[in-house]
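Visitor: Below is one structure. I have some questions about it.
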Amino acid sequence: MALLDIHVLGSPVLREPTKPVERVTDDLRRLVDDMFETMHAAKGIGLAAPQVGRLERLFVAEVDEVRVAIFNPEIVDATGKPVKAEEGCLSIPDIYGDVERPPVVTVRGLDPNGQPLELEASDLLGRCFQHEIDHLHGRLFIDYFSMFKKRSAMAAWEREKAKYPALRRTLVAAKDLAEQHNEEAL
């Protein structure tokens, strides 16, 4: 498994629509493993393929004990009165804001074995699914902000993005940090 760079706001790939996956291959299953490792290293709960520079229609998520990878996901039902809650994004570090979304969604797609699946997700998992599926359509959570809130978020991002001159976040695994620290101590 490998840590992948996470593309940040300003990287064109985040605004591109993804392409359906025709067949789930071993390479795509390895991508799923790498995406989970990257998501965990970044302390996220979801990660979509465009965030790691890929245009396959795919996302991974892990909330509580539910861990899923879904190819070609589509929301087939959304129920309940929309709820406003704070969201953040691994591609827009340190920027947060309220987004209104339905509390329950049913998502249909393919699992990593290429088998059809349909999942109902609510609360945080449902919100995560909606957020990640938005990425697959080139939408970001800030697109839901009011004009005033978006202007404020973009001003904050202008200050933050200096940390990412290549428009990518490069992560380092915890074990690599420990080894680096040990080498520096010598």
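Here, residue 1 is simply the first one shown, and the rest follow in order.
Even glycines carry a Cβ here, placed using N, Cα and C.
Fair warning: this is a prediction, and the values are worked out from it, not measured in the lab.
Pulled from TrEMBL, these are the listed features:
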type	residues	note
ACT_SITE	E132	active site
BINDING	C89, H131, H135	Fe cation binding site
Visitor: Relative to the mean position of the Cβ atoms of C89, H131, H135, the recorded Fe cation site, which additional same-chain residues have Cβ within 8 Å?
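Guide: Here the nearby residues are G46, A48, Q51, E87, L90, S91, E132, D134, L140, F141.
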Visitor: Is it possible to get the count of other C-beta atoms within 10 angstroms of the C-beta of E132 (active site)?
Guide: 24
Visitor: Can you tell me whether DSSP puts C89 (Fe cation binding site) in helix, strand or coil?
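Guide: DSSP assigns C89 (Fe cation binding site) to coil.
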Visitor: Can you grab the distance from E132 (active site) over to C89 (Fe cation binding site)? Cα atoms, rounded to a whole Å.
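Guide: The Cα atom of E132 (active site) is 10 Å away from the Cα atom of C89 (Fe cation binding site).
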